[in-house]
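As recorded in TrEMBL, the features of this protein are as follows:
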type     : residues  : note
TRANSMEM : A:12-30   : transmembrane segment
TRANSMEM : A:96-118  : transmembrane segment
TRANSMEM : A:139-159 : transmembrane segment
TRANSMEM : A:191-211 : transmembrane segment
TRANSMEM : A:232-254 : transmembrane segment
TRANSMEM : A:266-289 : transmembrane segment
TRANSMEM : A:309-329 : transmembrane segment
TRANSMEM : A:349-367 : transmembrane segment
TRANSMEM : A:374-391 : transmembrane segment
TRANSMEM : A:406-431 : transmembrane segment
Amino acid sequence: MYTFSSKLKTFSFILMAVGLLGIGYGFFTAPKDIKAVETLLASESHGEHAAATAHEAVNSHEVAASTSGKSEVNEATEHKEHLEHVLHQLQNKPWAAFYVACIFFMLLSLGTLAFYAIQQVAQAGWSPVLFRVMQGITAYLPVGSVVFFVFLLLAGFHMNHIFIWLNEGITDPKSVDFDKIIAGKSGYLNFPFWILRATIFLLGWNAYRYFSRKNCLAQDESNDNSFYKKNFNISAMFLVFFIVSESIMSWDWIMSIDPHWSSTLFGWYVFASFFVSGITMIAMVTVYLKSRGYLQNVNTSHIHDLAKFMFGISVFWTYLWFSQFMLIWYANIPEEVTYFVTRIQVYNLPFFGAVVMNFLFPILILINTDFKRITWILVMAGIVILLGHYVDFFNMIMPGTVGGSWFIGVSEISSLAFFLGLFIFVVFTALTKVPLLPKRNPFIDESKHFHY
Amino acid sequence: MSNKVIYAIYNDDDILMDAVKKTRAAHHHIEEVFSPFPVHGLDKAMGIPPTRLAICAFIYGLCGLSFGTWMMNYIMIQDWPQDIGGKPSFSYIENMPSFVPIMFEETVFFAAHLMVITFYMRSRLWPFKQAENPDVRTTDDHFLMEVAIHDNEEELVSFFQSTGAVEVKVIEKN
């Protein structure tokens with residue numbers, strides 16, 4: 001049995017407390033109205049930024065003048081509209097920072113769950129000694145789902161503007177906010193249907209997690225393999241449900257942030273991102289528990305296998321990243337390419353930095369067989385991969401919510417710290433509940449003697 | 001001085017593995033082991049150093065990547081930078097996404113083929129090569145260990161008979 005070290009527990013509480021304070025600070029300092037934005041922009045307009053906005057103003061002035069002729073009136077309204085735009089971005093910032101960290105950790109534990117289900121269905125002979133570690137990580141899923149679902153409800157009740165298609169009047173032709181494209185999608189993108197889908201998906205994933213763990217524990221006490229077979233069957237059914245729900249989930253929760261844009265391989269791309277994060281997290285927790293002497297049956301071959309998965313799925317993520325990017329870049333169709341234009345122009349470092357962290361670094365360091373067995377190299381690669389995929393989610397969500405007002409500051413780091421603390425607390429508490437080695441799994445002996 | 005060797009023949013890979021370990025423990029130098037299929041762990045038991053073929057492949061891959069990059073840069077950017085369908089041919093980086101499939105394939109092509117050729121050269125394999133088979137049964141269902149003799153013929157013969165060999169032969173090699 002694992003005992004939660006008091007140091008780690010204190011560390012997780014500190015992370016949560018500091019995170020909460022920072023999140024509160026982020027919401028508190030977000031500008032409340034246009035006046036606050038005006039003073040904020042005025043205080044900023046000393047350097048290049050002023051020149052850029054001035055230039056922008058002149059441009060919009062010219063356009064306005066040529067179309068309407070009432071240039072002075074238009075300049076005032078343009079200025080007001082610009083302020084409103086920036087206000088919404090800045091008000092979104094703490095919400096979006098919270099959302100990125102929230103969805104990242106929830107999907108990370110979902111990725112672990114998918115990996116776990118695949119191991120069950122594939123009847124893998126190496127991984128049963130790691131099943132309890134995986135079950136520990138997926139224990140975050142129910143907790144993360146609740147927080148996430150509450151966030152979706154808040155968005156639905158117009159507490160924030162993360163999802164612009166949820167705004168009032170956007171589908172109403174009489175409203176000034178009417179958007180014909182979004183109105184055309186409102187058969188799919190409407191709040192009741194959207195929240196219903198979210199409910200079904202979250203319940204489905206959590207139900208699989210609950211019953212799979214229950215059966216796994218029952219198998220320990222059983223005299224035959226009936227619970228193992230049950231787990232095999234529900235894992236296979238879960239994987240079918242998962243791949244459908246995962247794809248729809250990625251449209252609902254991430255792609256709908258940019259409702260004018262669509263991509264067909266987006267679901268796979270999101271999947272690869274959180275799948276590799278999940279596998280990396282399994283490796284990190286395993287290495288930690290092993291270093292504390294809790295996993296006697298885990299040897300360097302198990303670690304090596306996890307590292308190979310980290311390496312392979314990192315490359316798979318890159319393949320999808322590049323396929324999505326290159327196809328859109330190559331054809332250069334205006335309604336698709338704006339997605340990447342924003343990211344390259346405004347998010348240049350995070351956009352390409354994510355490729356360096358998620359591809360270049362892992363491929364160079366994890367290609368070596370010996371390196372895959374060295375703990376500190378694996379931990380270093382794991383930290384870079386996890387941070388890299390946080391940045392990946394940041395790149396997917398931030399441009400559509402805060403646009404040019406992005407910054408990795410107090411709000412972002414605090415949200416990440418809060419969810420990391422919560423994650424550590426929930427996962428390691430769950431690990432103390434049951435023995436770390438399944439007893440009667442049909443493959444457990446093979447797994448104990450696994451050697452590569 | 002004659003070049004005598006012992007051929008100890010086995011018909012089971014587990015017995016072979018034990019014999020190899022015993023031979024190593026008795027400090028007899030194993031010249032060669034012939035086997036019809038890969039025996040897992042045989043190289044470790046014989047104390048053969050690990051292969052460096054993977055390192056070669058990595059370097060060949062880098063060569064392929066460099067070649068692909070150089071070729072596309074020379075053809076598409078330096079030599080004749082045409083405007084083809086609006087693709088930006090001003091610098092390599094601007095048009096790089098369209099070169100990535102080629103760079104990737106060159107990397108894989110160089111890594112794979114040069115590694116295979118390296119393997120053939122290092123293991124001396126080519127068409128019309130004279131087969132070096134000491135006993136035709138070793139390609140079907142027998143294993144053969146070859147150990148050189150230095151004035152200790154009787155001792156070696158009795159040693160290998162005790163290791164479970166189905167046949168121990170003393171052969172004059174030239």
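Yeah, the Cβs are placed from backbone N, Cα and C, and that goes for glycine too.
Each of A:96-118, A:139-159, A:309-329, A:374-391 was scored by its Cβ pairs under 8 Å to the transmembrane segment (A:232-254), and the highest score goes to A:96-118. Within the chain, the transmembrane segment (A:266-289) has long-range Cβ neighbours (under 8 A, six or more residues past its boundaries) at 2, 104, 107-115, 130, 133-134, 136-137, 246-251, 254-255, 295, 298, 302-303, 306-307, 309-310, 313-314, 316-317, 320-321, 324, 358, 375, 378-379, 382-383, 385-386, 389, 392-393, 396, 427, 431, 436. Segment contact holds for the transmembrane segment (A:406-431) and the transmembrane segment (A:139-159), given three or more CB pairs below 8 angstroms at sequence separation of 6 or more.
Between the transmembrane segment (A:309-329) and the stretches A:139-159, A:349-367, A:374-391, it is A:349-367 that has the most C-beta pairs under 8 angstroms. Outside the transmembrane segment (A:374-391) by six or more residues, the chain places 100-101, 104, 273-274, 276-277, 280-281, 283-284, 287, 291, 303, 307, 310, 314, 317, 350, 353-354, 356-358, 361-362, 365-366, 416 with a CB less than 8 A from a CB of the stretch.
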